[in-house]
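Colleague: The structure under discussion is supplied below as structure tokens; questions concerning it will follow.
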Amino acid sequence: MPQNAPTPASEQKLFGLASKPIKQIAGRVGLYAAVVVICIYSFFPIYWMIISSLRPPQRLFLDTSLAFWPPDLSSYKSLLELTNYTANFFNSALMAMATIIVATTLSAFIAYGATRLRFRGKTTLVASMLFAYMFPPLMLVIPMSALFRMVGLSDSLWGLLIAHLAISLPLGVWLLWGFFKSMPFDLEEAAMVDGCSQFGAFIKVVLPLSAPGLITVGIFSFLLSWADYVFALILIMSDQNKTLPVALASMLGAQDLRWGEILAGASLIALPLFVIFTFCYRYFVAGLTAGALKG
């Protein structure tokens, strides 16, 4: 037997080394293919909703093509004529902006106090705030409605704002608590040595370093308020205080279903969500992941 002849063990080792890059390439191709399939599965209904809203109403169920050129805006014009869209949009935007500002501010102060103040059971207290998410919204809105009726907040945007804050605050506090807990107190001490008060150190040092978490809380609060249907449906009765989802749902009549207008309204409701996630999704993912891991 020649001395330089390869042994079966060496041949198997060489084959394993040669097949390793092939396995890596196959794994990446499979991963990318799975991502593409999931994206198509997730976004196709949204795309179909948008192109259907841009078709003439009389051809809505006849045209099944994936193209929508030339676009037809008659469903959008009819939506503006049949509904008080401007007032409903203003109510939704007002509730969303108020929820963002109040929820982010209160979450920051509560989370900072929970990390810097020393008292027993603060970890249990922060974790117990998440118990609200164990119950479906319908179980929470019924006692809220009775309580608001007792204190005079029935059919009021103030009552709806309180309901949105009750749902958005727990997660906001939990996320920011993770950020503040991982932040060394030495940074604040250095700022206080330079003449800042503890509140000044919180504003000038802690909050800028926690920007991803603050953006995450703001986006989450906006999503909850903008897309809310259950709380707005139960707590708001008058047409002048209705938000967009409730006003759109009121178009679902028993006999006359205006699918063109409904799809147009749903597309307009989803448009701000697309814009926000297009520009802020990196901050949202980074803040959500970092806050969860640090907490």
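In case you wondered, yes, glycine gets a Cβ from its N, Cα and C as well.
Sharing the features that TrEMBL gives for it:
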type	residues	note
TRANSMEM	29-50	transmembrane segment
TRANSMEM	89-113	transmembrane segment
DOMAIN	89-280	domain 'ABC transmembrane type-1'
TRANSMEM	125-151	transmembrane segment
TRANSMEM	157-180	transmembrane segment
TRANSMEM	201-223	transmembrane segment
TRANSMEM	262-284	transmembrane segment
Colleague: Within this structure, do the transmembrane segment (29-50) and the transmembrane segment (201-223) have 3 or more Cβ pairs under 8 angstroms, counting pairs 6 or more apart in sequence?
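Modeller: These two segments do not touch.
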Colleague: For the transmembrane segment (29-50), which stretch among 89-113, 125-151, 157-180, 262-284 has the most Cβ pairs under 8 A?
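Modeller: Looking at each of 89-113, 125-151, 157-180, 262-284 in turn, the most contacts to the transmembrane segment (29-50) are made by 262-284.
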